[in-house]
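Summarising the annotation, TrEMBL assigns region 'Disordered' to 1-49. Taken from TrEMBL, the feature compositional bias 'Polar residues' applies to 1-10. Residues annotated as compositional bias 'Low complexity' in TrEMBL: 11-33. Residues or ranges marked as transmembrane segment by TrEMBL: 112-136, 151-168, 180-200, 206-227, 239-261, 281-300, 392-415, 545-569, 590-615, 635-654, 663-681. Residues or ranges marked as domain 'Major facilitator superfamily (MFS) profile' by TrEMBL: 114-687.
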Amino acid sequence: MDDPYQNNVNQQGETYPTYGGGEYTYPYQTDYPPQEEEDAASDVTEGHDDDEQMYEGEYQGIPHPDEIKEARRAARREARMKARMAAEVEEETLPDQYESIMEDCGHGRFQWTLFTVLGLSLMADGVECFVVSFALPSAEKDMCLSNADKGMLGLIVYVGMMIGAVLWGGLADKLGRRQCLLYALAINCIFSFLSCFAQSYGFFIFFRLCSGIGIGGSIPVVYTYYAEFLQMDKRGEHLSWLCLFWMLGGLYASFTAWGIIPHYGWGFSMGTEFQFHSWRVFVLVCFLPSVAALAGLVFMPESPRFLLETARHDEAWMILKQVHDTNWRAKGEPERVFQFSQIKMPQAQDDEFIEIQSETGTAFQRFMVRHMTLVKQVMKNLMSLAAPDLRLHGLFIAIVWFTMGFSYFGLGAWFPDQIKYLQFEEYESNVKTFHREKVEHFHFNFTLQNQVHKEGEYIHDRYIYLFIYRKMRNVKFEESLFENCYFEDIRSTDTFFENCTVKNTVFYNTDLWEDSKFIDCKLENTTFLHPKKGCHLNFQEENDILIYLVCFLGSLSVIPGNIIAGLLMDKIGRLKIIGGSMLGSAGCTFFLLLCFSQWAVVFFQCLFFAASAAAWNGIEVVTVELYPTSKRATAFGVLNGTCKLAAIISSFIFGKVIGITKIIPIILSFSALVCGGLLAFKLPETREVILQ
């Protein structure tokens, strides 16, 4: 056998023993002059063969170099194994420890304060869903909107909210819950305020779109934010109570619209170019909940669960201590000590922001690198929702969100339109028709409405013939003759002259002008003096009090469903709440086929909203509990955006069939609710699940 400790000889003839042999060799040079081989051998080692030769530093207590290297390898292997085991333990115990911390902090003043602030954010979201629909009847007259423009204005808010939900939900998992909610509410406040003063349709629709993008982040961020301050046994109940604020937003919008819009005098004008009518006052008042929420949120801390997820341990500990001290001080135990001095840390994330030193590159380059990195992180987090462990449950809950949003928001827009259509049918049935009437030397000084005049003659011999109609609503003249007539100070709604002959007639200070009110008419020696061109508001006719009352009652009817959901959410489970509520709502929808009067529609609308309220609570609670902290807001934003997409689709479809058939909206909504309700039972029950 070759000697593993043989000497190497360099070019000068000096000898260097080598140790270890094989793959690893380490030259070692002594400090002593070379000796003869036989003299260097000690008495103890004398007689040993080459295979049994011992390391000569053994008796001096010097470890063998191979032993040192092997010890280092073993230490590194052990360190890696401990790190791997520690990481696994951290992943398992951080949620448990965080739950223990929240139990130690208790539920008290801090959570109720945060509850109020975040509730105002949800209230602002509820107001945003109603503000355009209430202002639209007046806005369409004030800005002369066509039917296509009205339809776009009604849908643009949902488009903005859909974009905002996905945008702010994704950013909240990277920038923080509080910070993103501050940005979202600030954008909503700014553009809501600007929309009050927009005089053109283009600016108004742009400002409402941006306002919707801002408030779209409210629901996904608010529920994620608040859930991370709640312990497991309180989460379902208190998230359900939080839903009440969305209903309060509907009540606030309905009540203020009822009290402000019909008052034409609540506004001002600056010449003919700038008009600020009462519907604009209503829009201005509707952004106040968002302002209040923004002001309160300034004093709230970031979610400690998010801070732990992003390795900001000290900040999280300070906030948790603040929650603990605030709650126990309010309960009369200020001496109670926060017991957790150490908090488990998750494994550091690999994709943190790329920071560039101040001397590296320009400010623009640093700005672009940081924001492009943020975009990549958000997109990566978004794509991770399709991971195998989340894919199936994510698909199921997305379908439930879509079906619920399709039926709820679609029917929510259909109910008022259907009531208006029934009113119109009743109005049309009372139309008075005058055929071949002849009127001479008559002074009209009263309101004309809901009349059709065919082949009439309105003439005089010598005297001026006065038409002084204070209001003309839904009046139509067909194939009639007007000669030597005088029209003064007239405001009209849906009034037209068709195939008429007008001779020697003066129109003074009226909104009857040649381009829009006279269809295929022959005008001879006709004068229009001081015409009121443009669209003019007639608030008593254009703003039916019944519509405000209907929306008010619909929002009020949500209260029983919210109360029931809050009381039973942690007792019978989320899935039974969702499934039972959606199937109950489907039953209410089916009975709409039997409604032929306005008040029957109002009754079943209230019943539908009451039954569906519990489903919304359950869906939002399950969504929060189903996803881990790093993906929670992103997933909620995507699912809420799916709901808004369903609202856009259903509102468009249902609006097209108003006055044609009511079977399509009812059958589509019924089918969607049944499918979503049955599928909800396939979701995992999260009632006793710790937030991961």
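Using N, Cα and C of the backbone, Cβ positions are placed for all residues, glycine too.
For the transmembrane segment (206-227), the partner stretch with the most Cβ pairs below 8 Å, chosen from 151-168, 180-200, 545-569, 663-681, is 151-168.
The transmembrane segment (392-415) shares more Cβ pairs under 8 Å with 635-654 than with any other stretch in the list 112-136, 151-168, 239-261, 635-654. If you look at the transmembrane segment (151-168), the same-chain residues 6 or more away from its ends with a CB under 8 A from one of its CBs are 125, 128-129, 131-133, 136, 139, 145, 180-181, 183-184, 201, 204-205, 208-217, 219-221, 409, 413, 633, 637-638, 640-641, 644-645, 647-648, 651-652, 655. Contact check: the transmembrane segment (590-615) against the transmembrane segment (112-136) gives fewer than three Cβ pairs closer than 8 Å, residues 6 or more apart, which falls short of the contact criterion. The listed stretches are 112-136, 180-200, 281-300, 635-654, 663-681; of these, 112-136 has the most Cβ pairs under 8 Å to the transmembrane segment (545-569).
Mean pLDDT, taken over the domain 'Major facilitator superfamily (MFS) profile' (114-687), works out to 82 on the 0 to 100 scale. Packing against the transmembrane segment (281-300) from elsewhere in the chain are residues 113-114, 116-118, 120-121, 123-124, 127-128, 131, 134-135, 178, 181-182, 185-186, 188-189, 192-193, 195-196, 215, 249, 252-253, 256-257, 260-261, 266-267: each is 6 or more residues past its ends and has a CB under 8 Å from a CB in it.
Note on the transmembrane segment (239-261): residues 115, 118-131, 134-135, 138, 222-223, 226-227, 230, 278-279, 281-282, 285-286, 289, 539, 543, 545, 548-549, 551-552, 554-556, 558-559, 562, 565-566, 569, 613, 616-617, 620-621, 624 of its chain, located 6 or more positions outside it, place their CB under 8 angstroms from a CB of the stretch. Among 180-200, 635-654, 663-681, 180-200 has the largest number of CB pairs under 8 A with the transmembrane segment (112-136).
Taking pairs at least six residues apart, the transmembrane segment (635-654) and the transmembrane segment (663-681) share three or more Cβ pairs below 8 Å and count as touching.
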